[in-house]
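> Once you've had a glance at the structure underneath, I'll fire off some questions.
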2 protein chains.
Amino acid sequence: MADFELNILGCGSALPTTRHLASSQIIDLRDKLYMIDCGEGAQVQMRKMRIRFSRLNHIFISHMHGDHCFGLPGLISTLGMLGRNGDLFVHGPAELGDYLDSILKLFCQGLPFNVRFNPVNTEEHTLVMEDRSVSVYSIPLKHRIPCCGYLFKEKQREPHIIREMIDFYQIPVKEIQYIKQGADYVTPDGKCVPNHLLTRPAVPARSYAYCSDTAYRPEIIPYIHQVDLLYHEATFQETDLPRAHETFHSTAKEAATIARDAEVKRLIIGHYSARYDDPQPLKQEAVAIFPNTTLAKEGMKVNL
Amino acid sequence: MADFELNILGCGSALPTTRHLASSQIIDLRDKLYMIDCGEGAQVQMRKMRIRFSRLNHIFISHMHGDHCFGLPGLISTLGMLGRNGDLFVHGPAELGDYLDSILKLFCQGLPFNVRFNPVNTEEHTLVMEDRSVSVYSIPLKHRIPCCGYLFKEKQREPHIIREMIDFYQIPVKEIQYIKQGADYVTPDGKCVPNHLLTRPAVPARSYAYCSDTAYRPEIIPYIHQVDLLYHEATFQETDLPRAHETFHSTAKEAATIARDAEVKRLIIGHYSARYDDPQPLKQEAVAIFPNTTLAKEGMKVNL
């Protein structure tokens, strides 16, 4: 299983095409799954990508446009049919609570698990949820309706113990937790073995930011500064800038400008308008400003 | 364009698989489209099958299980984005009205057309809707919740005028409508030309019955007697009969028995349980009782 992997289930925009599915992604982090947006068809795409339903506990919805949440009722129903017991946490704008209430009432009588809704303040950069592995923060975006992105900050892992050194000094098991936390080891005859001889540092904590849907909004840069991976919507080409402004979406050039100015390590663009048969020109536009840009594609898996 | 064609968009059951989509069909009749059930993903499947959204005016929903109606919100939103003006009629059980109200309120502010809901009495065989081309009747089914099938009875077309005879007798244009309705023609000098010399009969009116989801219910036989095509659910094999009873579904054998006893011309079975990788054994079971049985498949088009 992946350590920190982004799975792209869908990266189209609102109008259906045969080329793309509606927005949905799954972060696979230390054996747990976190879904971001859940457009129509997300559950079938999970099947196709062989992503297991049982490891999913948290769903984050960016905003109340159908192409970002019309897959939720089907997914929740399916989890029920599969006999899920544990709570499912759904995070998103306040109105999402009304939607969930109505779906649960009309379609999910006798659901064998609880759906716990956590309203997210889309206007502020706040902690939305945290567990052992990750902290998730909202990223206030600028769209036609309340909308936020999500920042996934992995928690720093403990360093790795060097087994040979533990054996060599015959260090008792009970000391190991302290060594993992940075302590040196003092032998019974008083010799100090410094921590760096006993451990190897863990991989640095990684971070992922999801920003869709939004007009160009440089105010988000401090929140996504130097993330390992940024997904930013690029609905339009620069030639369609008036349409981007009108609909509160970004151009590929604007997405790349955000990536460059936030000094992120890598950019993936998506949420392509149905008007483009081929997203390559969007990539060319972005690469001119931020070279390390990739086009999102259904079924894509990206290791961080 | 098709004269009377059934399009199978999806023929799976509730649990998603990579082999089938949730229930949805479109009848293409004399240039108009009538949708029956609208499972998740129906709108994308319409795109794939190159079915035009603009010709759709009526949607018939059998019951309030998600795999039969979770595609509605996305489809309605898309019709709005495409700038539809004309009313969209949605027919189905009373509870469907609450679902539509909630979706329209949460997601469809400013929709440029009206969604007109027509509650259907699922307990009785009644006329649900009619227009120039077709009358649609409900077929009371037996499922875990209120549920009905739909019977599409094409209206008999007028006979074809034999142009050569009209020219020969120099029949005035204003007489033609009477001749189409069966009148003979009397020439100015009093000679009677019988109607059968002036017209060729139109193709007989055809009929299609959709029955999903339902336990074995022979009470429906009078309603579907001798239809040209019957779609009947066959969720289970006969070996899973206890499960069929428990869930109020039919086996392939039961579907074929209904088809045989109703003397229909042709049977299509679908709504396959996710437990079967291959539907062929379902077909074998049905064919033993009703030979003219076909397995439904996504993308299938059947001319009546």
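One-based numbering along the chain as shown.
Placement of Cβ uses the backbone N, Cα and C atoms for every residue, glycine included.
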> The Zn(2+) 2 site in TrEMBL includes A:Asp67, A:His68, A:His271. Which of A:Asp28, A:Asp131, A:Asp213, A:Asp228 is also listed there?
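TrEMBL lists A:Asp67, A:His68, A:His271 binding Zn(2+) 2, and from A:Asp28, A:Asp131, A:Asp213, A:Asp228 it also lists A:Asp213.
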> Whose Cβ lies within 8 Å of the mean position of the Cβ atoms of A:His63, A:His65, A:His143, A:Asp213, the Zn(2+) 1 site, other than those residues?
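Counting only non-site residues, the set is A:Ser62, A:Met64, A:His68, A:Leu141, A:Arg144, A:Ile145, A:Cys147, A:Ser212, A:Thr214, A:Phe248.
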> Taking Cα-Cα distance, which of the binding-site residues A:His63, A:His65, A:Asp213 are within 10 Å of A:His271 (Zn(2+) 2 binding site)?
A:Asp213
> For A:His143 (Zn(2+) 1 binding site), list the number of other Cβ atoms lying within 10 Å of its Cβ atom.
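Within a 10 Å radius of the Cβ of A:His143 (Zn(2+) 1 binding site) lie 20 other Cβ atoms.
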> Given the Zn(2+) 2 site residues A:Asp67, A:His68, A:Asp213, A:His271, which other residues of that chain have a Cβ within 8 Å of the mean position of their Cβ atoms, reported in sequence order?
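Checked against the 8 Å cutoff, the neighbours are A:Ser13, A:Ala14, A:Ala22, A:Ser23, A:Asp37, A:Gly39, A:Ser62, A:His63, A:His65, A:Ser212, A:Glu233.
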